[in-house]
Amino acid sequence: MGVKLRDVVSPRRIRLEDLRGRTVAVDAANTLYQFLSSIRQRDGTPLMDSRGRVTSHLSGILYRTAAVMEREIRVIYVFDGRSHHLKGETVSRRADIRKKSEVEWKRALEEGDIDRAKKYAVRSSRMSSEILESSKRLLELLGIPYVQAPGEGEAQASYMVKMGDAWAVASQDYDCLLFGAPRVVRNLTLSGKLEDPEIIELESTLRELSISHTQLVDMALLVGTDFNEGVKGIGARRGLKLIREKGDIFKVIRDLEADIGGDPQVLRRIFLEPEVSEDYEIRWRKPDVEGVIEFLCTEHGFSEDRVRAALKKFEGASSTQKSLEDWF
């Protein structure tokens, strides 16, 4: 879910064409959940193969990545590593929501309420090791690079943008700003939504809010993040006001006698000194066409005609570049 900063952060709408020739680091967890939630049958059932294995994520990776790359936008998927121990409560809470949603989904199906069933089905989406491994396998076959983060994928993606290995992070969450991403793109067509992309630039955001990056993190900790509850009754607007008035989170906590749900120094370091890997390779390769056909069509029952049509978009993307070396 991420920190709720929408009330104080103003994204700027852009066109897909504005991203032409750019490289974006895709928050894999965020994007795969979008695929699992949105690519479903009318009653909310995820796409599955003949053996009952979920394939919604594979469909999303193939068709939606193809649509983006056809527009000459290169993508790198960044996967989460081990979860920070302070995120345990958030993970448990989300698991409970998924379990309850799954119960409501099945109940709605039994009652024949398709609309309600689909609403709860979306909330019941869950990640598994099988989904993660099959996603990476497909990316390898497609020639799309991916990076395995040691910790938070958003932190790794943000680091890659800071290092110049990508132009922006593609994610629906605002957490990447806390991790220091210079640019975050929301509503990229990877989500499947017919919305114009939005871009948030960290430097201009801090300038508009008249705060530093550290103060932005402090404000988020007051509101609540995936790693702490925050202070009840403090939203983004009030949090911003308090940080501007007091200067930092320590003075706010002292004056309000508030508890943010953790040690502010430790919580700060999660965002300001995140665990990232400097050892990664980014290289685009030509798709292994027959390997993709074998994996998706033979093993998972995809339509060969549709898969081959999508693969032509990957091939077409490379032909629009000045030379093949620009991509592969």
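Just so it is clear, glycine is given a Cβ too, placed from its N, Cα and C backbone atoms.
Swiss-Prot names ASP80, GLU152, GLU154 for binding Mg(2+) 1. Of ASP18, ASP27, ASP196, ASP218, the residue it gives for the same site is ASP27. Between the stretches 257-265, 320-328, Swiss-Prot puts its region 'Interaction with PCNA' entry on 320-328. Take the Mg(2+) 2 site that Swiss-Prot assigns to ASP173, ASP175: the candidate from ASP165, ASP226 listed for it is ASP226.
Over all protein chains present, the Cβ of ASP175 (Mg(2+) 2 binding site) has 25 other Cβ atoms lying within 10 Å. On the backbone, the CA of GLU154 (Mg(2+) 1 binding site) and the CA of ASP175 (Mg(2+) 2 binding site) stand 7 Å apart. The Cβ neighbour count for ASP27 (Mg(2+) 1 binding site), using a 10 Å radius and every protein chain shown, is 31.
Between the binding-site residues ASP80, GLU152, GLU154, ASP173, ASP226, GLU154 has the most other Cβ atoms inside 10 Å of its own Cβ, all protein chains included. With ASP226 (Mg(2+) 2 binding site) as the anchor, the candidate binding-site residues are ASP27, ASP80, GLU152, and the one with the nearest CA is GLU152.
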